Amino acid sequence: MMWNYFLIIVWLIILHSLGLHLFIGGFLLSRSEIPNKSECGNLPKHLIDKKEIKTLINDKKYGLQKGCWFPQKFDKAIFFIIDALRFDMIFSPKTNSDDFEIKSPFQYEPLQVVSQLREEKPLNSLLFKFIADPPTTTMQRLMGLTAGGIPTFFDMRENFQSDEISDDNIISQLQKNNKRITFMGDDTWARLFPNSFTKSFPFDSFNSKDLYTVDNGIKSHLFEEIKMGDFTLLIAHFLGVDHAAHTFTCHSQSMIKKLEEFNQAIKDVIKIMDDSTLLFIFGDHGITIHGDHGGGSSEEVESGLFIYSKKQLLLEKQVFNDGMQPKAIPQIDFVPTFSLLMGLPIPYGNLGKLIPELFQIFSVSDSEESNKLFTNIFLENGLQINAEQVLEYILDYVDFTKAQSFPSYKIQELMNHYNDIFELHHKGRLKLNQNGDILSKQPSDYTDEDKEIIEEMSNLFQDINQKWLSLLEKTFEMCRILWTVFDVNKMISGISIMFLSAFVMLFQWIFSLEISVKKIYSIIAFSLLISGLIYISPTQNLSADKSTLLYPIFNLVDKMSFMYMIIALPSVIYYFKQVYHHLKQNQNQNQNQNQKKKKKSSKFKFFVYFTPFLISIFFSSSLISNSFILKEGNVIIYLISSLLVFVLMIIFHDNPENLTMNKILKTILIIACLKYTSIFTEEREFYDKKSDIQEKIRKFMMDIPLVIILAIFLLVFFLVIRILKKLKTWKKETKKYLSLFGSAPLVLICIYWFVAGTPIEEILGSSLINIFPKSIYILTLIGIIGFVAFPIVHNSEEKENKKFMDLLESLEKEKNNENNENNQNNQNPDSKKSTLKYDEIISKIHPVSLMTSISSTFLLMFLSFSIIITLIVGKYFVAHILCIFLITISLVDITRSKMKSLINFEANPLAKGVENFIVLIVYLLIRHFFFSSSHNMTVTSIKFQVAFIGFDDFNFYVSGLLVVLDTFCSAFLFVPLFPVLFAIPQQIQIRISNMKNDFVKELIQIGKKFDFICSKLKRPFMFLMLLFTLNIALYSMFLAIHRRHLMLWAIFAPRFLFDSLLVFIIDSLVLVVLIILIRIRKRTINFQLTSN
């Protein structure tokens, strides 16, 4: 029976996993990649070699050279990249400004060389606010900075497995045009652009605790390479600021020292660079004050871009907005600007626009009017090339995707805008040709009429330039809004399968049907065969083949959706057929009952039993509001408190004697624990501000003394041992497990924290220090394997055994008579055989032995998990461990009640109603402790630094597991405790030696029908999985509704990411717990039969 239940759970997990995978495939589609590349000899279609450009190139006074699509203005460039360079690190306003959004931790400009150059060389320097597109992770920013595209939000998953960029980009264009590239620094570049650099000095980038290796390695090569001058582009990507922020936050002295170090490095670079080199100093993204990045806050997206050349760049000094703030430009504008300045083709998929300030040309021999005119003409040519390239890419993309990405009216608007500008462009060319003789004059020969004509032409081209820029901005915004191609059919199909899974769980939770697993899996196997034939069918899109008989269906859904539906639907249809037969049988059985009594009982049962389910629906439905998502952490505390009061009301309604002062005090204790742990929710603008006392507690716990940590852990150990002794399970095997998987890791973690951060760590070195956390990981892993393979089993007391076995013998004759009667009524011989065998075994399982084994195994498993999670999450979490344990034991005490009859208890709707409320509370507690462990539903709250606890290098799987343990620590603690919630209340009461014979007979009669694990745990587990599945199904539906919402990628999508991962983790943990329960049951049977 238990394996049957396990396989049903696996089937349900497969169902909602299929739906979730299908929905993700429709919701998170990345843009289609077109393999085209820009070529030096192939200009965009309307472009021709223009006479005025050739004239400017031939005129040596402008210092221009022939390029691919546009005159080359500079021979060499240096990218001085400071990872996570916040904007306020490079610029701070002289006076306060409301526009300055970032709250700077710095009292001065750390990179003072920038302000010095702007004052001393104002015509040679430019400063911009550099705006990145979320996600602000390094790999996505490098893609934007080199290819000019907009990454999708969930491309950040590739940040830890960086693959080669296949899109056209400035690096590939440099390489294709035989330019020399020297790279040094963050090895992400080497992974993104393998075999692209003439010289390469990569350094490992993922050890965020290392502030010096990468930066010192760069400086050991940087100055020598600049002096040699053997490069077209030199890339130096420093990581010290990023790592200092991750490790010490932006407030730290380590950060100030790093910035001062870069300040000197920039000065040294400027001293040795030549006049033909253009220096770019910028950050790939910003960073929060706490040292996080990845999201879309102003601190994370705002970096700085400083451009400097020893030859003049500007006609006049750069003027800031309102005299206060530099102009803000998107990062992707860097791509076309760099490309044309270096005489390269613009990468094919670029969506950025030129930075106009860098396309000024002038000569001291020309007048101010003519310099301005030639600058506008020069810029207009560059902007036309830029616009032609972007529009050509958009039109090719529309053809490539068969107009699925952009509405036709949007494309028509762009083309109308383009045609209007092109007419104005043609008008300017005619005017330029008509007045060519004026431009050939010397400035001293200009008449007043000539000057008016020059000014008029200059204004005309300036107006054309503004219109080109407006067209490019409009195109970029259109792509930003419409870029993600939502496959609505696939999303609907995925949501439908998830709801089907939720409905099956709902009916299974209500009726606990014993269905044929063999039949279900036979149906799935046949469905897989059919879907496999569809997968290998020759047509990639079944809707394209109109000759097929099922064309109307295929035209509505894509191939993958149809395959998943074929896999899911038949087994679900079979299940609901069984539900129908079950309901029909129940209807026939209930016809003879008193209708009035039945009606009253049904109403009461419905209210008590289904209220938790309805509350969960209301809770999940509230997630349609982005405001609720922001306040979710606050709401959960009040909801749990209300549910606890409701549980007390139900207990009082059932039997006022059960509502004791102890239960009320335990309820107050749970609320107090919730209030305490809420102090550690991440401080954000939408949370209530913490009081001074709360802040003091938080600061104290963040650096809690080791003595207090040890005392709290010992208190938890003491409470666990006390419970085990009360349950009479504190025996040799339990002590052995506790010593090996509890006490030993506790000693190791205390030694590790005692040594870490002291001079002893420097003496021993990180390799030796890391032995302690690695040993804890190994012991925990061995412990999990031990709990699965050899769970703790206990025999009951001799007195209980004797009475239990005597009663079994006295009931043997009655059992045999009943079995014979069942055999005559059952027409299925296989069923007869399995029933006899099952009853024979299950009646010999001592219930107390089974429940003591469950309690002991999972309490010790909780202790093992608590140590490793405290190591990963942080010292402050030791108090959370105590709170979690106190909450669990308090819930056990609250739900315990006096039972006059076990059978009546199993049929009691009030008891089951309380049970459902407890499951809902556990569901909410998992979410509460997610927030109270300093996490929230944003990428920036993911603590990637925990990946290096015990390791110096980054390993994708091990480090990823540590990050998952940190982020979802609450699930890893509450799911192992889940069986304890429902085992201990029964175990404490069912002591055979203290019961009357008729009660024990009752227990055995129940045992003949179903064993304890299936009867008492299958409904709670099913309800818990139902809550998570229903939540992700509803939230997926809301995402489909909000797919064009302004806050989609900032709020809704990140929460979907966390919820999807949480469902996967809950599914995995439930399967592990069920396997352990199966092993406990099997070992208990063997142990009981052997001992008897």
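Using N, Cα and C of the backbone, Cβ positions are placed for all residues, glycine too.
Annotations in TrEMBL come from automatic prediction, not curation.
TrEMBL has this to say about the protein:
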TRANSMEM  5-29  transmembrane segment
TRANSMEM  491-513  transmembrane segment
TRANSMEM  520-537  transmembrane segment
TRANSMEM  549-576  transmembrane segment
TRANSMEM  664-680  transmembrane segment
TRANSMEM  700-724  transmembrane segment
TRANSMEM  775-793  transmembrane segment
COILED    794-828  coiled coil
TRANSMEM  848-871  transmembrane segment
TRANSMEM  916-934  transmembrane segment
TRANSMEM  954-984  transmembrane segment
TRANSMEM  1021-1041  transmembrane segment
TRANSMEM  1061-1080  transmembrane segment
When you look at the transmembrane segment (848-871) alongside the transmembrane segment (916-934), do they share 3+ Cβ pairs under 8 Å, ignoring any pair fewer than 6 residues apart in sequence?
no
Could you tell me whether the transmembrane segment (848-871) and the transmembrane segment (775-793) have 3+ CB pairs under 8 A, leaving out pairs under 6 positions apart?
yes
Taking 3+ C-beta pairs under 8 angstroms (sequence gap of 6 or more) as contact, is the transmembrane segment (5-29) in contact with the transmembrane segment (520-537)?
yes
Other parts of the chain folded back onto the transmembrane segment (700-724), taken as Cβ under 8 Å at six or more residues beyond its ends
680, 730, 734, 738, 742-743, 746, 750, 753-754, 855-856, 859-860, 862-863, 866-867, 874-876, 878-879, 881-882, 885-886, 889, 984
Could you tell me what the rest of the chain brings near the transmembrane segment (491-513), counting residues at least six beyond its ends with Cβ under 8 Å?
8, 12, 15-16, 18-27, 557, 561, 564-565, 568-569, 572, 575-576, 578-579, 582, 613, 1018-1019, 1022-1023, 1025-1026, 1029-1030, 1032-1033, 1036-1037, 1039-1040
Find the member of 664-680, 954-984, 1021-1041 that has more C-beta pairs under 8 Å to the transmembrane segment (1061-1080) than any other listed stretch.
954-984
